[in-house]
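Swiss-Prot annotations:
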- Ala2: N-acetylalanine (MOD_RES)
- 8-43: domain 'EF-hand 1' (DOMAIN)
- Asp21, Asp23, Asp25, Cys27, Glu32: Ca(2+) 1 binding site (BINDING)
- 44-79: domain 'EF-hand 2' (DOMAIN)
- Asp57, Asp59, Asn61, Thr63, Glu68: Ca(2+) 2 binding site (BINDING)
- 81-116: domain 'EF-hand 3' (DOMAIN)
- Asp94, Asp96, Asn98, Glu105: Ca(2+) 3 binding site (BINDING)
- 117-149: domain 'EF-hand 4' (DOMAIN)
- Asp130, Asp132, Asp134, Gln136, Glu141: Ca(2+) 4 binding site (BINDING)
Amino acid sequence: MADQLTDDQIAEFKEAFSLFDKDGDGCITTKELGTVMRSLGQNPTEAELQDMINEVDADGNGTIDFPEFLNLMARKMKDTDSEEELKEAFRVFDKDQNGFISAAELRHVMTNLGEKLTDEEVDEMIREADVDGDGQINYEEFVKVMMAK
């Protein structure tokens with residue numbers, strides 16, 4: 001499954017993995033998964049976190065290592081009912097729920113994920129996605145960016 005990913009995708013997932021893997025030991029624990037999900041405004045129970053880990057924990061050691069994480073991401077990318085997931089992700093970014101992601105909202109979420117971005121980097125991300133040039137990202141633009149990944 002993971003062998004269908006491009007080098008770019010793998011590099012991107014490695015970066016995402018290291019955001020989860022707070023102590024850098026090469027494994028994501030339920031605690032680390034919970035921390036990241038809470039920073040994204042989710043509030044999973046301990047049981048839900050354990051279920052998520054069990055779903056991809058191929059070797060049964062109770063944590064997710066990078067190959068297991070890659071398999072999860074490859075499966076999620078094949079998941080065609082991702083419309084709901086995209087809407088959910090958009091809502092996480094669109095803090096004031098006005099239908100647009102502003103530079104401030106983007107910076108806020110990225111900071112919560114542990115990504116310290118300069119104003120220039122945030123503006124660049126907005127510019128890349130901002131098809132109609134209004135300085136913010138609407139849902140259609142968001143979907144385009146997410147599907148291009």
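Each residue, glycine too, has its Cβ placed from N, Cα and C.
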* State the non-local partners of the domain 'EF-hand 2' (44-79) in its own chain: residues 6+ outside its ends, Cβ under 8 Å from one of its Cβ atoms. => 1-2, 4-5, 9-10, 13-14, 16-17, 20, 26-30, 33-34, 37-38, 85
* To do: With DSSP as the yardstick, break the domain 'EF-hand 4' (117-149) down into helix, strand and coil residue counts.
  => 21 helix, 2 strand, 10 coil
* Asked: Using an 8 Å cut-off from the Cβ centroid of Asp21, Asp23, Asp25, Cys27, Glu32, can you name the remaining same-chain residues around the Ca(2+) 1 site, in sequence order?
  -> Phe20, Lys22, Gly24, Gly26, Ile28, Thr29, Thr63
* Length of the line joining the Cα atoms of Gln136 (Ca(2+) 4 binding site) and Thr63 (Ca(2+) 2 binding site), in Å -> 38
* Asked: What is the separation, in Å, between the Cα atoms of Asp130 (Ca(2+) 4 binding site) and Glu105 (Ca(2+) 3 binding site)?
  -> 14
